[in-house]
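Working notes for the structure below.
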Amino acid sequence: MAAVQDGAVEPENEKEMKTETLNDSAGNHTAAVGGVLSSSPGAASSVGTPKPNTAAGSDEQQTLIAVLQFLRRNKLLESVEILRREAGILEETDEAQSSEAGGTGLSGVVNVSVEGGDATTSLFNRVSVASAAPPSTTVPQPAKGGEDQPDVNVVLSAYSQQGDPALYQVYYSGLKNFIESVLDCHRAELSQVFYPLFVHMYLELVYNNHENEAKAFFEKFSGDQECYYQDDLRVLSGLTKKEHMKGNETLLDFRTSKFVLRISRDSYQLLKRHLQERQNNQIWNIIQEHLYIDIFDGMPRSKSQIDSMSGSLAGEAKREANKAKVFYGLLKEPEIEVPLDDEDEEAENEEGKPKKKKPKKDSMGSKSKKQDPNAPQQNRIPLPELKDSDKLDKIMNMKEATKKIRLAPETLPSICFYSFLNAYQGLTAVDFTDDSSLIAGGFADSTVRVWSVTPKKLRGVKSAADLSLIDKESDDVLERIMDEKTASESKILYGHSGPVYGISFSPDRNYLLSCSEDGTVRLWSLQTFTCLVGYKGHNYPVWDTQFSPYGYYFVSGGHDRVARLWATDHYQPLRMFAGHLADITCTRFHPNSNYVATGSADRTIRLWDILNGNCVRIFTGHKGPIHSLAFSPNGKFLASGATDGRVLLWDIGHGLMVGELKGHTDTVYALKFSRDGEILASGSMDNTVRLWDAIKAFDDIETDDFTAATGHIHLPENSQELLLGTYMTKSTPVIHLHFTRRNLLLAAGAYNP
């Protein structure tokens, strides 16, 4: 049953069990079963209590006879003759069964209606079936078979059209002509139904072995679909036989997940009226079975508004999917006093000012004294306690922050580019430590390489024999255990058995994560440069992994479409985030570590709550697989980049798209906000780094009640006003970006001669 949202929505299970008592115009007692009965007239006609029959195949014959009765009542005599001839049913048998059925309430009165009311759930074309049964009787849902078994409606549709599959073209053309003839304001919204209807009608033809008709249908109408569905149509064109459909993941997803359309009430009423008047079973069936229509009150959306949100594998996100409360604020920073260093004291003395007695604190530290009202509770999820080394690092960070350059359109950052030479397209992932002292690369030859980008060389720990000679009570024991003999500028980590696709440094720089085609995530020690743990949970390649900003936790995502949350001291994942319909291609932690964002090849972004594993946001709008994500430093916004070359900006609190940055001509693989969030940097396979004015992009947002309620967005016409600079490399795709603590921008990629 198509689930149509309109105001308050009942839980799905309650909706299925709910039986309402209605009265039709003739005063007959009718039972309307919401969410259980199919609205296919064929299905409606077959509902009842057939007489017991022990003969083999009697159920199938009853179904065929019910379909014949419906066709005859609607004066579709040609179809009656074709179906009877194909099924081998004698006319006398048909009429005899029909007269018997008349006494048992088998022939139903089909009334199509959408309930009114201010806050009731409106179900598209609710079916009312005249029945002698009491109103509390519910009709059981037929049990579905394996994944390759068709749904009940699909089977009935195939039965009713098996003799003349050419009617599929007639039905689709009829709807196409109707939509093209309506007013412009409704045409854009109603045109959204073309693509899902086209796919399901094609699949029904293929499933019922009408190969030639399916091919003709595809050739005639595939060119009418939106350009951003071309990749999906290419996959679909390869499915020409019923055998091809079994085991095809994309197809199974499309059939099992309802395609979501967001349509205004006026446009929806037009579509409903047209289907009622034409009694168009085929399209009626598909809308009921495979589409979720999300109705809103207000003006219909324009073509540009619809296009900006369309393109994902399963349509737009339901508005209710983005209503949950998200605590996007930052956690309160621990109060750490920053003592004045010698340089500052000397400088003040030279100027003749007295020394300050009070320790200096970082401005950001002082701001964070007040609890952000949008922040989660400090103990909402257990976070690791700060070690002494972490406190020292924070002090260093605060000192660096005092020397940080304030970026603005007039003061853009310098960019330092790290080109990997002789990598022969083997570089697959890059990461920098937060203090920019180390850089790591993942390679297609299954190795991970770590470099020091400071004069300080990489040192491992001495052997066990040498360690036994060290005085463990000495003050510099941590320095003595390091082996100067093996110090070098780079280290190679061996262990994976397939290309390494993602790497991530821990915030304390003691560990490095890597994920690979071999299905594992490995944790490496940067003290010993050895593998400590291999986390096995994914059954297929793992495309990305990332440490939490607080360490300890990390997330991974891959080909199995499930993101997993891990803790470094657990072999098994703590949470599994399932919901994407295709590979998870990138993962990112929210700055407060309470949420994880995942980007997927299904062209959607999902935000997951770590506490309970729920999906709290679904963002649609990209026209290709998503390959990069970045949260703004204040946690309010998310930027995403994809193969379509666009960078989209999202308001996490309201669950809305608020910006679209156009300029790249190839996949955007890297996104990074500056330390204070003034600049957004994007890196692409088109060999460019682009800088965008993030403050202007977000300051112009008007998230009024109407926008938040309807999902309407008004994107700026020209994103070039936000573009601050474009920087070309010679021939190096940009696959990673990183802002240092002083706001210098570091970029990395492999030179591609």
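Backbone N, Cα and C atoms are what each Cβ position is placed from, and that goes for glycine too.
Annotated region 'Disordered' per TrEMBL: 1-58, 338-392, in sequence order. The feature compositional bias 'Basic and acidic residues' is assigned by TrEMBL to 12-21, 361-372. Per TrEMBL, compositional bias 'Polar residues' is recorded for 37-58. Taken from TrEMBL, the feature domain 'TFIID subunit TAF5 NTD2' applies to 163-291. According to TrEMBL, the compositional bias 'Acidic residues' annotation covers 338-349. According to TrEMBL, the repeat 'WD' annotation covers 420-453, 493-528, 535-576, 577-618, 619-652, 661-693.
Cβ atoms under 8 Å from those of the repeat 'WD' (661-693) belong to residues 401, 404, 406-409, 412-413, 415, 417, 624, 627-634, 639-643, 645-649, 719-720, 722-739, 741, 743, 745, 747, 749 of the same chain, restricted to positions at least 6 beyond its ends. Sequence-distant contacts of the repeat 'WD' (493-528) (same chain, at least 6 residues past either end, Cβ-Cβ under 8 Å): 387, 389-390, 393, 428-435, 437-438, 440-450, 460-461, 534-547, 549-551, 554, 556, 558, 566, 568. Through the fold, the repeat 'WD' (619-652) approaches residues 228, 231, 308-312, 315-317, 326, 328-330, 582-583, 585-592, 597, 599-601, 603-607, 658-677, 680, 682, 684, 686, 692, 694, 697-698, 701, 703 of its own chain, all at least 6 residues removed from its boundaries and within a Cβ separation under 8 Å. Per-residue pLDDT, averaged over the repeat 'WD' (535-576), rounds to 94. In terms of DSSP helix, strand and coil, the repeat 'WD' (619-652) has 0 helix, 19 strand, 15 coil.
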